[in-house]
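Scroll down for the structure; my scribbles are underneath it.
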Amino acid sequence: MVVERSNLLSMMKLSIKVLIQSSLSLGRSLDSEYPPLQQFFVVLEHCIKHGLKVKKTFIGQNKSIWAPLELIEKLCPESADIATSVRDMPGIKTGLGRARAWLHLALMQKKIADYMKVLINRRDLLGEFYDPGALIMEEEGAVIVGMLVGLNVIDANLCVKGEDLDSQVGVIDFSMYLKDPQATENTQDDSKMTAILDQKHYIEELNRHLSCTVTDLQAKMDSLEKTNSKLIEELTAATDRINVLREEQEQLKQENANILQSSQRKEEVTLQDSQAELETYRQTRQGLDEMYNVVWKQYKEEKRIRQELQKELELQIGLKQEMEVAMKLLEKDTREKQDSLVALRQQLDHVKNLNLQMFNKAQVWGEKSPLDLDVFFFFRFMCCFCSLFRAGLESALSTEKEQRQNLQRELQREQDNSTELRTQLQQLQGLQTLLDLRQEKKQLQQLCEEQEQALQEMGLHLSQSKLKMEDFKEVNKALKNHAWLKDDEATQCKQCQKEFSISRRKHHCRNCGDIYCNSCSSNELALPSFPRPVRVCDVCHSLLLQRSSIGS
């Protein structure tokens, strides 16, 4: 690989040197039949092909230099015209032929060194096409690019369309570089003779061109006389057509004005309706807010009262439980006292019976002894004591009954209070109405949201109608101010002022009607008068985008 790179570098130096010396000695532009120029393209093709990876396809192995040269179109947008022209050439079918045509066009533009420099600087992308150690990937490639800069002094006039670039055999001819020393002495004589022959050929060619030009002019005069009458007839028909188009334009203007007025009236009516609905919505929302505030205050007050009643009810329930415990204790005490009172009554009856028996015995005895009298008085005393004790027990029992009745009355009052509290609690359960009001409030809020959404949709329809009006205005303005420029009326791009050529073609802007090159009119936008996006120039593209952003 090193030896091959060194040999190719030497051959490139030699071919460029011979090409420059021969072109300067001749002092004329070179054509495609010039042998040193042909050998230069062959050596350059071998240099670019060195170390190129072989791509396997269904047909066989393919080793074409068109793939790396096609990469220059992405890296350098200025070379897009050359690549487009090469692809559009009908006689070239292979990648090798396209690559040779591309090199011819790049040399004619005097930019082959610039394009190759851009390609060599991106070695990260070249790794896809070349093996390690290829000439393009090493320092020799940069040296060759530096030598290609010297070719800018050469004027080349190459005809690419007529040549068969697909089937040419790229073999380096070393015979023109191996010259006889005696022949070098006569180079000045040969150059003079070549100059004389060139002048002779130039004069003969000029004569031939002049005779052909005279014949062509005579034929054109005849054709012009024939077509003059046709043009007069076409002019009359065109004048009639222009008058008809003017009438149609006036009708369209009138219809456009009517549509504009009706749209404005509809827009005003819609705006008034939306404002009225918005005011009604605001009033309704204000009333609902006030109602909600009142209901919320009532809810808080009812909640506070309910909490107080709940606390009081819990207190009453505690008191009731305490009263029930006290009543149970009182009933137990009363039963015990009743049992003791029954026992005392039984004892009292027994004492009465004993006293009665003693009294009967005393009457029976007649006379009483002192001892019997003592016994009698003792029993009498016991009877009095029992009667007194009975009276005390009865009074205590009546007191207990009164306390029990008081406790029962208090218990009844507490039961009444509990009943009243339960009634109030049931009334508080009417707070379900508040929940219904909340549900109604949610429904009203949902209705308000739907009304807001309807207002937004109405605003969107209004903005769309405004955009449509702007489109109508733009169409009307385009009909008034812009005219479709003919192809023969423009010789250069209106924006970049570059001359049109075979590689730099003409393109119309569908918005303003002027003619631009491809780079100045590569944008596409949707216009009101076209169903799909069309080509527009950079100026119209920026203006339409700005207007669209303002409208949105």
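Cβ from N, Cα, C; glycine included.
As written in TrEMBL, here are the features:
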{"type": "DOMAIN", "residues": "31-163", "note": "domain 'RUN'"}
{"type": "COILED", "residues": "207-291", "note": "coiled coil"}
{"type": "COILED", "residues": "390-461", "note": "coiled coil"}
{"type": "DOMAIN", "residues": "487-545", "note": "domain 'FYVE-type'"}
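Broken down by DSSP into helix, strand and coil, the domain 'FYVE-type' (487-545) contains 11 helix, 12 strand, 36 coil. Here the domain 'RUN' (31-163) has, by DSSP, the following mix of helix, strand and coil residues: 79 helix, 7 strand, 47 coil. Note on the coiled coil (390-461): its mean pLDDT in the predicted model is 76.
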